[in-house]
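The N-linked glycosylation site feature in Swiss-Prot is assigned to 95, 105, 166, 178, 357, 365, 382, 387. Taken from Swiss-Prot, the feature N-myristoyl glycine applies to 2, supported by experimental evidence. Residues or ranges marked as region 'Fusion' in Swiss-Prot: 250-286. According to Swiss-Prot, the feature transmembrane segment maps to 18-33, 425-445.
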């Protein structure tokens, strides 16, 4: 250590010698050149590879390119399923045998058996939605019953009527639907079965051909072990679109913006993790993502953002609104959801191919600029998310598209800030400089000299060595072309 300190103290002294300076310069050049040669040889890269080989990369730092990363975003669906009256419905299947549905403060247990609890002679026959008012004194129960029958595809004017218990009786609310696959009721039973399969992904069909089968729905408490299955809710909302909204006017051709958890508009975008994301410290999806969603309607991520954004204001409004406005909410939500995407994912699920459950999304993030691609759904197969390697081509292409989009945007920005005239002047001046530099290197001669004599300026000589102006006679001496004087 003392030798190093002594050496540093002697630097100003030995640098006074020119030879020492030359030695220091040669040493520095040799060291730098040696490091560069080692780097170009690949030795450093080889040791880095040995140190990192076999280690796993976290999803947060999964590198695709130099400045692009593979990142994910997950939704928390708790904000959609609150306990407000007339809120979004919940559907649940327990042990593949018990079916439940919940809407607002009402909860029903749905069962199938061959025991007739209600009879046409003693109970209410339901042929129209207005007849449901004879079944219960609770608006929540009536509202949920009507919405459920609409969702399974029941036509109030063409399909067979069903029964409910008169609200004046003390036994409690219940309604009963004949789903027997017999006689003229067979077509309706198949239609009802199809509707139940769309609503409940694990629907157990206990009705046998040619046997009596009755569906009963009666109030019950919501089981605590029931999961919040938002996919069933999305299917439930879209099933009733033909009845609740015969003329769908929006068809996803509209613009929208994000709001915060209190419902206030934030045109500049809102950080989703503050109220509906599982992952913390996630970046904000601002005007860029919103603009992409306004242009691109074929995206599960955009559908979920629309549902989140609408649900906050809808719930706040519905607390003080009438039954008519409740129906309007159902119509509007149906217009917000992309039916094609839901049906496409449902078909994929039934065919045991990767499908989207609207929970986890991935996107490509540029670490330097902070720009990101539009999140895409992380597909599920066999009840588990696909590995990153299973859709490697997708995120590589998404990375290429992001880089291309960034370069295109940067080029457009530069084109907008730089006048074309200035670009032309710069280009032609560069061409002129290059041409003049070439001519300068070639060395074009400018005048004649008499060989072996001084420059004859200011006179100009002809090929005979005489003055071109005629002042001096021709000397008939050999001449040579010269450039300098």
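Just so you know, glycine gets a Cβ as well, placed from its N, Cα and C.
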Comparing the Cα of residue 365 (N-linked glycosylation site) with the Cα atoms of the glycosylation sites 95, 166, 178, 357, 387, the shortest distance belongs to 387
Residues near residue 357 (N-linked glycosylation site) by Cβ (under 8 Å) yet at least 6 apart in sequence within the same chain, in sequence order, are 231, 345, 380
Spacing of the two Cα atoms, residue 105 (N-linked glycosylation site) and residue 166 (N-linked glycosylation site), in whole angstrom, works out to 21
If you measure between the CA atoms of residue 382 (N-linked glycosylation site) and residue 95 (N-linked glycosylation site) and round to the nearest Å, you get 18
If you measure between the CA atoms of residue 178 (N-linked glycosylation site) and residue 387 (N-linked glycosylation site) and round to the nearest Å, you get 45
